[in-house]
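Asker: Structure provided below as structure tokens; questions to follow.
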Amino acid sequence: MGPIGTEADENQTVEEIKVEPYGPGHTTPRGELAPDPEPELIDSTKLTEVRVVLILAYCSIILLGVVGNSLVIHVVIKFKSMRTVTNFFIANLAVADLLVNTLCLPFTLTYTLMGEWKMGPVLCHLVPYAQGLAVQVSTVTLTVIALDRHRCIVYHLDSKISKQNSFLIIGLAWGISALLASPLAIFREYSLIEIIPDFEIVACTEKWPGEEKSIYGTVYSLSSLLILYVLPLGIISVSYVRIWSKLKNHVSPGAANDHYHQRRQKTTKMLVFVVVVFAVSWLPLHAFQLAVDIDSQVLDLKEYKLIFTVFHIIAMCSTFANPLLYGWMNSNYRKAFLSAFRCQQRLDAIQSEVCVTGKAKTNVEVEKNHGAADSAEATNV
């Protein structure tokens with residue numbers, strides 16, 4: 001996650017000078033920032049064809065992410081029947097991804113292509129903080145969704161999280177994430193680095209207290225990896241394994257209740273896919289960052305910058321994948337998306353699939369009578 005900040009020493013050669021990435025969220029690579037003065041030092045990211053591919057990749061992610069996540073937020077706000085607790089959490093994921101798409105990725109692409117920080121000191125502190133914040137909010141929200149569904153389905157609890165409490169949980173998620181990401185904004189340095197005599201570049205690097213290779217950066221990096229990736233995914237995995245086992249072994253007493261049970265399975269399956277996409281897309285970048293934290297010689301790889309950029313692009317794909325999953329795997333979102341594009345408020349078509357009708361309430365009562373109760377809003381989106 002967040003690596004140790006470094007500064008260029010006057011005795012270092014061009015080949016030795018490295019600049020650290022942003023930290024949790026990794027909006028920029030640690031590769032050389034300066035245009036290399038000698039041809040043999042040019043890395044692949046400076047090749048025209050590679051730059052074209054990077055521009056197309058980042059622009060596609062930004063476009064798909066902005067459109068898809070904006071659409072998710074729009075339908076949850078517009079259609080009353082979509083305003084369930086689970087959908088509020090899903091909309092919160094969309095807000096976090098939208099933050100990355102609009103505030104982080106454009107500057108990341110610019111930084112990668114230009115080789116130095118041209119966006120000023122304010123954004124030097126703000127951009128890495130924003131992406132670290134967004135990633136942490138996403139992780140916390142996915143964990144909350146998993147625990148809520150586990151509570152309702154595995155333990156047969158009737159009481160659900162109220163809409164008011166869901167907003168409180170969302171606020172706490174942002175507040176806690178803001179505190180955890182704050183070192184990314186505080187321990188940041190906007191400075192000039194002399195590459196060779198009479199040649200300087202503007203760098204935006206981590207600057208931790210103490211010596212040049214401070215232990216604080218490594219501690220923060222590994223702690224963030226454990227607390228904000230490994231531990232949450234462990235909790236989420238256990239929760240969904242238990243949920244899936246419960247649903248698989250449950251015997252429905254009637255046709256109506258069987259339909260309700262099937263909808264629970266479909267919703268759970270969709271949310272599991274969301275978690276898998278998030279975990280898999282971020283895994284290469286986290287693994288690569290862990291390798292750097294363990295052995296700083298990884299920074300000396302000629303294609304370090306290209307490897308980092310490829311892994312970063314893979315991680316950023318998670319910011320537009322969720323809306324595609326919703327449209328593909330959930331009929332409510334699919335109908336809501338189509339209605340939004342047609343500028344029609346077809347609440348009747350959407351409501352027929354949401355457990356807010358008398359039929360759904362009847363299904364809930366049947367579930368209660370057979371010891372398998374679940375929140376209507378917690379099991380349907």
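Along the chain as shown, the residues are counted starting at 1.
Glycine is treated like the rest: Cβ placed from N, Cα and C.
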Asker: Check for me whether Swiss-Prot puts T45 and L299 on a single side of the membrane.
Answerer: yes
Asker: Just confirming the record: what cysteine out of C59, C204, C317, C343 does Swiss-Prot connect to C124 via a disulfide?
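Answerer: Of the candidates C59, C204, C317, C343, the one Swiss-Prot pairs with C124 is C204.
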Asker: Under 8 Å for C-beta pairs, could you tell me which stretch among 53-73, 167-187, 270-290 has the largest tally with the transmembrane segment (218-238)?
Answerer: 270-290
Asker: Is the transmembrane segment (270-290) in contact with the transmembrane segment (167-187), using three or more Cβ pairs under 8 angstroms as the rule and ignoring pairs under 6 apart in sequence?
Answerer: no
Asker: Name the secondary structure element type, per DSSP in three states, that contains C204 (disulfide bond).
Answerer: strand
Asker: Let me know how many other Cβ atoms fall within 10 Å of the Cβ of C124 (disulfide bond).
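Answerer: Summing over all protein chains shown, C124 (disulfide bond) has 23 other Cβ atoms within 10 Å.
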